[in-house]
Structure formats: structure tokens, C-alpha cells
């Protein structure tokens, strides 16, 4: 019952099932009464729990008359209360039905309750309550109940002000990035003292509820005290969500993104929309120039390698086929890299690009780029492994079998690699973010009216945690796997060759032979170390938190991203130039090509 209203609880004993009409009246000419029928128990602090029927006689056109179906062997409580506070007087209750109804006065049932007090202030968490730019302090409490029933939540403010704290109730989870999600609509009941507000939600057993206590006005500090009343015990515990949300977008229009920085993240804030490339920032113009230089260098390097192995005489063993395939994958890698760079630049500069083009580029380009990047790295590892096998078998090395095996490996590698990253297009999508202003929110209906000033489209990746862990593992495998094979194969070549020479030439010690082999083959060890160091920035960038402030270190991330693709333009320098036979084959092919053009 409302504060200051007198009431009386009366137990009704029913002798026969049926419908009964109960009339209520009061002697006072200036007062009216209301009657309520409760089933089993009546809790004054939880007026909606067990309520079966009610009738208000507070209007001149209404009378305190209620008709309800009652059954024997069930306890019913009739509650009579005045319509106005602090009114007293004699009242009369008259039942009409199939049989007599006996009344006797009873005491109301006491409710279980739990209290919690705290203060909202500068140390509290903040969120966008009305999807606007203003932040509100809030505190979260986990509420659990032991029975399906109505419960009363009473919040008392320490000051009698209209802008004091209020309670919002959420089912299962509260997302501060979207304060309307999982929100349970509730109605406030103001008592005579405006510093007390009550809520009477119907709560279910087995469901976790989150109470969000927040201020009505933004950034205002307020103290509060909450009491939860229920027919059974309740659990009330403060919770603090320490989850770091890495997201893009704005209030109530956010998208949580997975860890790792992409080229889209690095360039997004640097690109000026609706401006030409000449009007872009210095970082964008320099990056564009470097992308052209890298593409040109990569094309020259790849075609030079292809020219080296175009003759059958240069492809006598399997690793020469790996190098020929590597020249093709390197060319494709640096080409897709350039396409990726210019796709990001042009689609952010031009706002008229269709959504389907953005979605297709977002899902496919990065995935295809990873395919060729990883394929190229594993081909380089195959070169080192085949060299190690040839040293191990010596004169027993079968070159024809090696070439057949190499063709199968070249064919199987992209299928295996694609199998490890096939999920990526499924979790890559375009997020649409509308920049708005003049936000107006209605506290009662939770509706808003906004003006859209601009629309942004961002390509983001969102993985569940299990898939994020898998993705990180795959990243390490594709980077450290080829490096480990390269390094171990190179060391095996050096130690194995030194051991064979020591067995054949006993005038020198094993250590002396080892030193000679190191001088002869040290580039085999140095090259993979250089390649993995160049690829490391890509690993680091892929593992960085998506929440990191890119704008402060744009140059650092851009340099790291570009450097990670330099192995794709070094295939000629790393594998062809150190070999006398390959250099000779390249010169012969180059001069032959020049003569053909002259003739």
C-alpha cells in the first residue's frame, strides 16, 4: 500500500466454490475505499505479489465492488484501504455468493528483504544512458531470486531531489555500449516523500538480473540506498565489468572488434573524405608513393626470378620449382597488397561507393592477401627443406622424384592454408556508423530523435573468444613454422656437410670444416632470420589490442605494416643472387631475351 494509507487485512474462508461479489463501503462522506483480493499471502511491501483482483472506489462513478471466483481450501486475503492518505473511519464489507463467507482479521505476511547502499561519483563507471554524448555515472548489482514472483525494489535518495538516482533492470546482461539492449520496462511508483521510488517487477527463478543504478542527470554525484523485498530470500551482489571493449561506432551504435590492427584501422582516421589524393595528409601521400615503389620492385624481382627458371636446365631439382612458384606467389602477394591499400584509400575518400563493393572487398581482399602471403612463406620453407634432404641423401638424392613431390606440394599448400583461414570471410563485415547530432531522448518511452550528419563504413572483424584463440595460434604457425624449418634446415646443411668433409678429409678437424661450411653457407642461416624479422611487425600488429590509439603512432604502424611485406619483393635477392649457378642462368636468360627483342 502507498505510504500513509491505512489498511486492514482480512482472511476469507470459502465454504463452496463459485463466484462471489464483495461490496465495500465507509461511513465517512469525504472518504472512499478500495478493495483487493490476494491469494495465499499479502505482503504490504509487495502489493502486486499474489494479487488476484482489485477494485477502486476512488472515483465518483465507481464503487468498491468486486466480483471474483473463489475456491475452497485456498487462503484468500481481502485488503481494504482508503483512497487518500491518513484517512480513518468505520467500513463495512458484505459478500454475496453461493454460500456464506466467514471473515476474521489477520496480520500481513512479512517480506524478506536485503539492503545495499553506495554513492555514485567520480570513481564510478560511466555510460551513454540516452545514446547521447553525455555520460552518466552508474553502478551494477546482480540480482537473483528463488521463486517466480513480484518483488519490490525501493531506492532511497539521501537528498529530496527529482534528479536523484534511479534503477534500470536488465535481463541476463547489461551492455554499457547499448543501454537499451536487454532492458526490462518498469514503472516507477512515487511515494509521498519524493526521495523514495519503488519498482514492482515480476522476476523469474533461474534468471540473472542486473540492476543498474544511475543518475537522472549526467555527471552528477548522488548517494542512494536500495532495499529489495520479496516473498523469498534474494541475492544482491555488486558486480564490476572490467571487460575492455574494443569497438568502433558511437553511443547505442557500436560494434565490438577483435584484437589486431588492420590497414583499415591504421588509415581510417588519416583519410580526408571527398578529397583527392593530392589533398590528403602527408602520411597518406608518402604511403601511396611507397606502395607504388614496392609494387614496381616486387614485379621486377618476381619477373627476374621467373626469367631465371624459365629454362628447363635451371629446374633440375624440386627446390627450383619451389622458387619458380615462389616468384609467382610473391608477385601476387605484392599485387594484392597494393590493391588492398588503394581499395582502403579510395573507398574512404569516395562516399559514393556502393555497399556491395565495400562488403565484397572487406570479406575477400584481406583473406586472399593472407593466402598468398602464407603460401609464399611456406614455399621458401620447402626450398630449405629440400636442400637439407639433398645434403642428407647425397648422391642417392632422386631429382626426378624430388620434382614430382614438389609439384604435389605446390598444389596442396594453398588448399591446406585456405583451410586454416576459411572462416575469416564469415566474420569480416562492413559496420555502418551514422554520425548524429541534436539527440533527444524520452525517459518514459526510450525513443530518440536524431539528425544524421555523416555515414561511415568500416571493415571490421569480430571473432568469438574461442575462434580468436585459434586465429592467434594459426598466425604463429604460419609465421614461426616456415622460419623454424628454414633455420633448422640451414643448420642441418652446415653441420651435415662439415661432418661429411671431416670424414673424407681427415687432415682438418671437424671444427675447421664446420668453420668453412659456415663461411660458405651462412647466408642460409642469415636469410631466414632477416625474413622473420621483416615479418615480425605483421605478427605484432595482428596481436595488438584493437583499442589502441592508432592516431598517435600512425607512422610507426604504417612502417611496420609496409615492412612486413618486404619479403615478397626480396625473392630474387635472397635466393637467386647468392647462387653462382642461378646468377649465371639469369644472365643467360636475360641476354637471350634482349637478343630476341633486338632481332
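Cβ coordinates are placed from backbone N, Cα and C, and glycine is handled just like the others.
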Examine the ranges 452-473, 474-495 and name the one recorded by TrEMBL as transmembrane segment.
474-495
For which of the residue intervals 504-523, 524-543 does TrEMBL record transmembrane segment?
524-543
Would you please say which range out of 219-243, 244-268, 319-343 has the annotation transmembrane segment in TrEMBL?
319-343
Match it up for me: which of 386-404, 405-423 does TrEMBL list as transmembrane segment?
405-423
Other parts of the chain folded back onto the transmembrane segment (319-343), taken as Cβ under 8 Å at six or more residues beyond its ends:
263, 287-288, 291-292, 294-295, 298-299, 301-303, 305-306, 308-309, 361, 365-366, 368-369, 372-373, 375-376, 379-380, 382-383, 386-387, 390, 402-403, 406-407, 409-410, 565, 568-569, 571-572, 575-576
